[in-house]
Amino acid sequence: MSALSGFENELRKGLEEYPVKPGEKFSYGTAGFRTLGDTLESVLFKVGILAALRSKSCGGKTIGVMITASHNPAEDNGVKLVDPRGEMLDTSWESHATDFANAPSLDAFIAILEDFIRSKQISLGTPAKVVYARDTRASGPKLVAALRKGFAAMGAVATDAEVTTTPILHYLVDTINTTTQEWNVNNLIEGYYLKLSNAFKRLLADRGTSAHLLIDCANGVGALAAKKLDDFLGESLTLKLKNTSVESTEKLNKDCGADYVKVGQKLPPSLTSELRPGQRGCSLDGDADRLIYYYLDDSGKFRMLDGDKITTLVASFIMRLVKDAGLDDAEEKIKVGVVQTAYANGSSTRYLSERLPVTCVPTGVKHLHHAAAERYDIGVYFEANGHGTVLFSSSAQHKVASHKPSTAAQATALGRLKDVINVINQTVGDALSDMLLVEVALYHMAYSVETWDKLYSDLPNRLVKVKVGDRNAFVTEDAERRLVRPPGLQAKIDELVRRTGGRSFVRPSGTEDVVRVYAEAKETEAAIDLALRVAGLVYDEAGGDPAQRPADFR
Ligand code: 16G
Ligand code: MG
């Protein structure tokens, strides 16, 4: 008798309602499943089942499910699972998620499920608990309906966190699994805003005037969260919210948002008449887990402060607090370090390496998060695209909590460090929490936005997409900085870089069917030239059709 016999009826009904259509192929990538929203119902039904099984395999702990496609176009959608501590799904489950999604029939699916349950030794009698949320996309509600049927098929108890940001969902998962008190989801969300805003207000208590900040909310769920946060912040920070049209779902990420700014290295047109020279502005992405700052200099020129600049500011601030609190002496030494990816601007890596340990890891939050937790007592990580946070190890948190300051100045710094811990959402990058952290760091470091910007000068850089037949033919090593396959290509890139100067690397995207080329050099024209030459090499090497070769590839 099959272990699933009691569930077969519901599974059959679900699969009949949400069949995989011929030719469809899904893959659980860097950020979960992500594709056109209208094609995802079958995936969501199965993700509901997978989340329930994940909960059972974690002894009944609550698992999170977030429905979002982040910075991608409004018609896309996606879904990812969140593990009990609020971190990304264990990587060993990713390929199973893909197998589930692609199972073509009831029989095939049941066979995969049974095999999986046996290999993971999941006891189906263990209760399952899940909490789920979605962003503002139009396809969200029907994807939620399919997801709920997946939960129901496995008897999971599901809590609906409704429309909220990705980082709030991560926070909820962690909090639900660690709280010993009675809770309901609204109180927990309120607790999130209180935790952030109270710590922020204490950190800025001695600032006489309120700073002004313009926020581009990408017409997404970040607009709702920023409005709520604004209520909690009161006078401590004056927010001006732009691109808040969440009802017009087609406007999501359209000509605005963190990715628009980072990729185009330009201000969203909707902000041009809003931002005055010297004033700070920032952009969130569609699910509010990325943050990019900017300002216009005296001559009105747009200046961007990306994830690398945020790392520099935040790491400098935290190092100073650790030192001022007396936590950097031999006995209690707290080691602060930074994690970046190959996309980090070379100037930022140089600046940071002269001051603290820096680790480079492959793209994707799970890699950065893991390295930050493994390698440092306090690990600051940001991708250049603005996704990041700060992790405090339990030993660092213990040292901060138990340290006895020997001077009044140490006591002040220690108090600030404790509040900084509370401003941060340690489960994942959180644009709103990061924004508060940046504002606090600027104030306490006594930096204007210009001083912050001038800590180092970004090397000009360029990112180019290359459409190839099979991006899996591209295999990297050394944290994606070098190619091992196709054979011989890296040597050609090395030769180009040797001749022209600068830095370049090639990696297959984890979210799109393309290969990405990054190049940086001392001059803008040289960076563009290098990127387009490497793109040309990649295209030719991957057997691209000469007739279709993009005209600008060199
Ligand atoms: C996803 C990742 C992000 C990464 C990006 C790279 C998460 C939550 N998000 O958005 O960290 O920078 O993919 O995309 O991990 P790419 O592989 O297409 O370049
Ligand atoms: Mg995002």
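Quick reminder: no glycine exception, Cβ is built from N, Cα and C everywhere.
Automated prediction, rather than curation, is the source of TrEMBL annotations.
According to TrEMBL, the residue from S70, S92, S504 that belongs to the Mg(2+) site alongside D285, D287, D289 is S70. Beyond the ends of the domain 'Alpha-D-phosphohexomutase alpha/beta/alpha' (63-95), by six or more residues, the same chain brings 28, 31-38, 40, 43-44, 47-48, 50-52, 54-55, 128-135, 137-140, 143-144, 147, 166, 169-174, 177, 218, 221, 249-254, 257-260, 285-287, 289-290, 365-366, 369, 426-428, 511 to within a C-beta distance below 8 angstroms of the stretch. In sequence order, T68, H71, D135, T165, T166, G220, G222, A258, L284, G286, A288, R290, H387, A431 are the same-chain residues whose CB sits within 8 A of the CB centroid of S70, D285, D287, D289, the residues recorded for Mg(2+) being left out.
Regional average pLDDT for the domain 'Alpha-D-phosphohexomutase C-terminal' (463-535) in the model is 96. The record assigns E383, A384, N385, R507, P508, S509, G510, T511, R516 to the substrate site; their largest pairwise CA distance measures 17 Å. Its own atom aside, the Cβ of N385 (substrate binding site) has 23 Cβ atoms within 10 angstroms in the protein chains shown.
Proximity to ligand 1 at the level of Cβ atoms, with a cut-off under 6 angstroms, picks out none of the binding-site residues D285, D287, P508. Distance from the CA of P508 (substrate binding site) to the CA of D287 (Mg(2+) binding site) is 24 Å. In this structure the C-alpha atoms belonging to D285 (Mg(2+) binding site) and N385 (substrate binding site) are separated by 10 Å.
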